[in-house]
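*Asks:* Sharing a structure below in structure tokens format, with a few things to ask.
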Amino acid sequence: MAKRSLSALNSDALRGKRVLVRVDFNVPLNDAGAITDDTRIRAALPTIKDLTGKGAKVILSAHFGRPKGQVNEDMRLTPVAARLSELLGAPVAKTDSCIGSDAEAKVAAMADGDVVLLENVRFFAEEEKNESGFAEKLAALAEVYVNDAFGAAHRAHASTEGVTKYLSPSVAGYLMEKELQYLQGAVDDPKRPLAAIVGGSKVSSKIGVLEALIDKCDKVLIGGGMIFTFYKARGLSVGKSLVEEDKLELAKELEAKAKAKGVQLLLPTDVVLADNFAPDANSQVASIDAIPEGWMGLDIGPDSIKVFQDALGDCKTVIWNGPMGVFEFDKFAAGTNAIATTLAELSAKGCCTIIGGGDSVAAVEKAGLAAQMSHISTGGGASLELLEGKVLPGVAALDEAA
């Protein structure tokens, strides 16, 4: 169901209004407490600037880290407020707490177009419990609600779901709208052929998404450590490679399901092996039916890359979630880099390429190809759940589009 978006609210509906905006500012910090990647802060700028430009009083709500419901001085949003202020070229006040007298006073002092960042909502255990009294206090600071935190949309928390019971309108921000447009669109109404590339080390973490994608895709390409569970299920020797013994039957079922549905399910034909799990390990390429004892697979091989590239060549929509190998080790990054390059080339030819959160995003950024993809999702778990066809509580709680 389409959700009402910020784009539907004009200046008259927003000028002078206090607008609570849930953002995803869960950014990485180094040991010195400096932000090492401000992508998530930048991703919220279109929504924030639109609101300030329309004369709204913008009250930002965010979580940072896992403080477990208590104040943790290392998880305050102070560096985030400073960076946001630099990006906006305007002051950003930060409250000492997300509710209470300091937050109320700073909000009361706001002029039209001002921005205030509320302190980490997860300093209160009530946030993750979606406790109604806490949600009501948070909502009492504002008159309008905008959710732009797609990365937290799969959680029914007070700041993502609870506050919508007390604020109307409750709408999607521009980042949320874009995420839903691409990810929901890829699942519900894609240009075909539709392919999914699923990687990562474990089948167990991708069961739901694999089952859903086999239902919806024309082709499913599997890479990463999970391939060895499929090979072992076929009766092949996998050496020291990672295998989930309790998922062998499931691997067989997934292959059978794809076959029954006429979906092309492709596994690598060769792998790059290592004698131990290290960046400087000895390596060799072997066919999947000739993996020697004592060796482990850490990447897809050169023949597999060609097979995957050929399979993707005619696709009009491609979703990628999870790397092809241990791309953190340069020696075992060729498969992941080749897929990133292939998708960049497909994008240039008009294919819709969607990077579905998590490690694939890091891989595309490491390859310097992020700008060439159609859409890079900011959500890890949220992206997976949406691709699985699950309802995201933070999305469901928003107003329906007129």
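Along the chain as shown, residues are numbered 1 onward.
Note that Cβ sites are derived from N, Cα and C of the backbone, with glycine treated the same way.
Keep in mind that what you see is a predicted model, and the values were worked out from it rather than measured.
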*Asks:* Have a look through Arg4, Arg15, Arg155 and flag the one Swiss-Prot assigns to the substrate site that Asp24, Phe25, Asn26, Arg40, His63, Phe64, Gly65, Arg66, Arg122 belong to.
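*Replies:* Looking at Arg4, Arg15, Arg155, the one Swiss-Prot places in the substrate site next to Asp24, Phe25, Asn26, Arg40, His63, Phe64, Gly65, Arg66, Arg122 is Arg155.
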*Asks:* Determine, using Cα-Cα distances only, which of these binding-site residues is closest to Asp24 (substrate binding site): Gly297, Glu328, Gly358.
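*Replies:* When the Cα distances are compared, Gly358 comes out closest.
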*Asks:* Other Cβ atoms within 10 Å is the metric here; tell me which of the binding-site residues Asn26, Ser360 scores highest.
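*Replies:* Ranked by Cβ atoms within 10 Å, first place goes to Ser360.
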*Asks:* Given the binding-site residues Lys206, Gly297, Gly358, Asp359, Ser360, find the one whose Cα is closest in space to the Cα of His63 (substrate binding site).
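*Replies:* Going through Lys206, Gly297, Gly358, Asp359, Ser360 one by one, the closest to His63 (substrate binding site) is Gly358.
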*Asks:* Just how many other Cβ atoms lie inside 10 Å of the Cβ on Asp359 (ATP binding site)?
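*Replies:* Its Cβ has 18 other Cβ atoms within 10 Å.
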*Asks:* Which residue, out of the binding-site residues Gly65, Gly297, Gly358, shows the minimum number of other Cβ atoms inside 10 Å of its Cβ in this structure?
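*Replies:* Counting other Cβ atoms within 10 Å of each of the binding-site residues Gly65, Gly297, Gly358, the minimum falls on Gly65.
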*Asks:* Cβ distance under 8 Å to Arg122 (substrate binding site), same chain, sequence separation 6 or more: which residues?
*Replies:* His63, Phe64, Gly65, Arg66, Pro67, Lys68, Gly69, Met75, Glu128
*Asks:* Given the binding-site residues His63, Lys206, which one's Cβ is surrounded by the fewest other Cβ atoms within 10 Å?
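*Replies:* Fewest other Cβ atoms within 10 Å, among the binding-site residues His63, Lys206, is found for Lys206.
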